[in-house]
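Per Swiss-Prot, the features are:
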BINDING   Asp131, Asp133, Asp135, Thr137, Glu142  Ca(2+) binding site
DOMAIN    8-43  domain 'EF-hand 1'
DOMAIN    44-79  domain 'EF-hand 2'
DOMAIN    82-117  domain 'EF-hand 3'
DOMAIN    118-153  domain 'EF-hand 4'
Amino acid sequence: MAATLTPEQITEYKGIFEMFDEEGNGLVKTDDLESLMSLIGINPTKRDLANMAKDVDKDKKGTFNCDGFLVLMGIYHEKSKNQDEELRAAFKVFDKEHKGYIEWDTLKYVLMNAGEPLNEHEAELMMKEADKDGDGTIDYEEFVAMMTGESFKLTQ
């Protein structure tokens, strides 16, 4: 799975891994996984972090090696890519005219009528929170942040 990483990513992740390999034995404590991920700019939920720790620490010794970490990062990037594709497809549903943004009225209608519907006040609060640049529309980056609860950069 590490094959899904670019050579640059592999080099970067190996370097960061080595920073946490305090004893120089090729192992990092699973307790350090959150700090390691945070340094990369990934902030998983506690549940995701527990699952990741379980994935990299198969022998339950409380440590993981660089290969396991690279496999984990490959899986993470693959999931991120899949999520991005799903979000792009959803965004296109709302951006029917391919303007690159979603009108407030369109989004408000969807938020109030689809899935677990929000009331008008909740929908407006969510949209105001999502509209980071205050232009009255939701662009793709704002849409992703709203849907995932995370900030998103197109450079990822």
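Placed from the backbone N, Cα and C atoms, the Cβ positions cover glycine too.
These figures come from a predicted structure and were not determined experimentally.
Recorded features from Swiss-Prot, shown on the structure.
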{"residue": "Asp131", "record": "Ca(2+) binding site", "contacts (Cβ under 8 Å, 6+ apart)": "Trp104, Thr137, Ile138, Glu142"}
{"residue": "Asp133", "record": "Ca(2+) binding site", "contacts (Cβ under 8 Å, 6+ apart)": "Asp139, Glu142"}
{"residue": "Asp135", "record": "Ca(2+) binding site", "contacts (Cβ under 8 Å, 6+ apart)": "none"}
Checklist line | Local confidence of the domain 'EF-hand 1' (8-43) - pLDDT mean | finding: 92
Next item on the list: Determine the minimum-neighbour residue: among Thr137, Glu142, listed as binding-site residues, which Cβ has the fewest other Cβ atoms within 10 angstroms?
Entry: Thr137
Margin query: Is it possible to list how many residues within the domain 'EF-hand 2' (44-79) are helical, extended or coil according to DSSP?
Written below: 25 helix, 3 strand, 8 coil
Item checked: Counts by DSSP class (helix H/G/I, strand E/B, coil) across the domain 'EF-hand 4' (118-153) -> 20 helix, 3 strand, 13 coil
Next item on the list: Determine which residues of this chain, when Asp131, Asp133, Asp135, Thr137, Glu142 are set aside, have a Cβ within 8 Å of the centroid of the Ca(2+) site's Cβ atoms, and list them as they appear in the sequence.
Entry: Tyr101, Ala130, Lys132, Gly134, Gly136, Ile138, Asp139
